[in-house]
Each structure stands twice: as structure tokens, then as C-alpha cells.
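Participant: Under the heading disulfide bond, Swiss-Prot lists Cys36-Cys97, Cys45-Cys91, Cys46-Cys79, Cys98-Cys112. Per Swiss-Prot, the feature signal peptide maps to 1-22; the stated evidence is sequence analysis.
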Amino acid sequence: MFARISTIITTLFFAMLAAATAVPRTDPPPATGSQCTAVGGDVNCCNSVQDASNPIVGLLAGLLGIVLGPIQGLVGLTCNPISVIGGGNSCSSQTVCCTGNNFSGGLLVIGCSPINIDL
């Protein structure tokens, strides 16, 4: 009886150990400003970046009379375009590359992804 319980406990221990083993992430690194413009995107400084499925995004789109449809990914809120080339630009919020539509002067921008840029 003790051998059976010992075997079960040992098996469970190794199963939990295997489940807790760290696996490296395979996410691609964020794009840079030059990669953004190469794909036809615009570099923006957004006060907030939300998942498209966030109810706040749907509420804001509804208030603006925008029909977004089934979109996925990130949506920038209250965004201002910034130039990759030249000085004087700064972004104290989230720097993103947006390849989708820009609504209401940057209040809502779809198709955004975070980028690394030194401003």
C-alpha cells in the first residue's frame, strides 16, 4: 500500500515539475520607427493603448458613431502623430505604429502595435 502511494506521489511531483518548467517566449520583438514607415504605418504617441475587445473601445466608437466591425489587436486612444526623422519630438506615453484608420483626429486609431523608438 505504501509503495503504491509513494509511486503516485512521485508521479504527481514530476508531472508538476514538468508543468512548471519555464518556456522561452517566441513573440517577435517590437518594430522600430523605420520599420513602421516601411510598411505604410504612422508612428503615433498614444495616451492609452487597449485591446480591440475592450468594452471601452466599443463604447468610445459608439459615441463617435464609428462602426468598427470585428477587429483584433490593439487600438490607440488619444494619439498624436510623431516624426521618426528630426528632433524635437517626445512621447511620454506609449509609442506605437498604427497601420489602420485614424478616427476623429487621433481620438481612436486602429491597427496599432508597440514600437521601440528613442525620442
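A Cβ is built for glycine as well, from the same backbone N, Cα and C atoms used for every other residue.
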Participant: For Cys98 (disulfide bond), list the number of other Cβ atoms lying within 10 Å of its Cβ atom.
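Facilitator: 25, counting other Cβ atoms within 10 Å of Cys98 (disulfide bond).
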Participant: Here the disulfide-bonded residues are Cys45, Cys46, Cys91; which one has the lowest number of other Cβ atoms no more than 10 Å from its Cβ?
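Facilitator: Result for the disulfide-bonded residues Cys45, Cys46, Cys91: minimum number of other Cβ atoms within 10 Å at Cys91.
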Participant: Return the count of C-beta atoms lying within 10 angstroms of the C-beta of Cys36 (disulfide bond), excluding that atom itself.
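Facilitator: Looking across every protein chain shown, the total is 23.
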Participant: Give the three-state DSSP assignment (helix, strand or coil) for Cys45 (disulfide bond).
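Facilitator: Cys45 (disulfide bond) sits in a strand per DSSP.
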Participant: About how far apart, in whole Å, are the alpha carbons (Cα) of Cys45 (disulfide bond) and Cys79 (disulfide bond)?
Facilitator: 5
Participant: Give the distance between the Cα atoms of Cys98 (disulfide bond) and Cys46 (disulfide bond), rounded to the nearest whole Å.
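Facilitator: Counting only the Cα atoms, the answer is 10 Å.
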